[in-house]
Amino acid sequence: MELPASPAASAPASAGERWPPLESSPEVFNQFMWSLGAQEDEAEFHDVYGIDADALDMVPQPVLAVILCFPDPPQDASYSSDLLSSYGEKETHDQVYFIKQIESLGNACGTIALIHAVGNSYSEINLVENSCLDVFFKSTASMDPYERALFLEKDDAMAKAHSLAASAGVTELCDVVEEHYICFVAVNGTLNELDGMKDGPIKHGSSSSKSLLQDAVTVIKGIMRNIPDSISFNLMVLSRKQNNAGTAS
């Protein structure tokens, strides 16, 4: 199934001007990520042009994270409680890097998806020392998801980079944008769906670095079935560049 490209995405309609919506395109996300301190020769985002086997085989490996931009789900969409990880236990908190999307972060769901992607690939991507991402992850490592959200809200450097990335897109932005970003990562053998609008990571069974893309697509197909009247889906992956594949600790 072919996926249309480049919708712009947002969180709630009450979003402020500090966090405008980001266009879902590798060009925008790459320049944004690199400007924040990920090194250009380490990793990059790529479009996924379809979810059939042939299209997935074309995606550069290894895949570190999968990002989906999709229409805001129906209000009654929910997950069973056993899928939601609890942040009451420090063990879970340490394993999966998760940040909440609070109302004052507005249309920051694209930035939060990028933070989730890079934050859970920290051991695979070398960040420039004292860069925005390096400082952000070091400063928020021991925080809970809500504290991280408050830290991001006050991070002027991150907000400025977000605004610059938002202005770099070619999609004309509307007053009301109805798409949203989520991220999928494999951490300690489990596929985790990371949506800042949820209370915590959503577990989707076993996964690995080799099967991450295929496992995420299985979940994504279910999301698409739940929103059958929309074609506003866009899929990207964060992949480690081949010249660095296998060299990170």
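Cβ atoms here come from the backbone N, Cα and C positions, even for glycine.
Just so you know, TrEMBL annotations are computer predictions that nobody has curated.
Annotated features in TrEMBL:
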type: ACT_SITE; residues: Cys109; note: active site, nucleophile
type: ACT_SITE; residues: His180; note: active site, proton donor
type: COMPBIAS; residues: 1-15; note: compositional bias 'Low complexity'
type: DOMAIN; residues: 18-240; note: domain 'UCH catalytic'
type: REGION; residues: 1-21; note: region 'Disordered'
type: SITE; residues: Gln101; note: site 'Transition state stabilizer'
type: SITE; residues: Asp195; note: site 'Important for enzyme activity'
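The recorded positions close to His180 (active site, proton donor), defined as a CA atom within 10 A of its CA, are Cys109, Asp195 out of Gln101, Cys109, Asp195. Each residue contributes its Cα atom, and for Gln101 (site 'Transition state stabilizer') and the residue listed as 'active site, nucleophile' these two points are 7 Å apart. Distance between Cα atoms for Asp195 (site 'Important for enzyme activity') and the residue listed as 'active site, nucleophile': 8 Å, as a whole number. When Cβ atoms from all protein chains are considered, those within 10 Å of Asp195 (site 'Important for enzyme activity') total 24, not counting its own. For the domain 'UCH catalytic' (18-240), the model's average pLDDT works out to 87.
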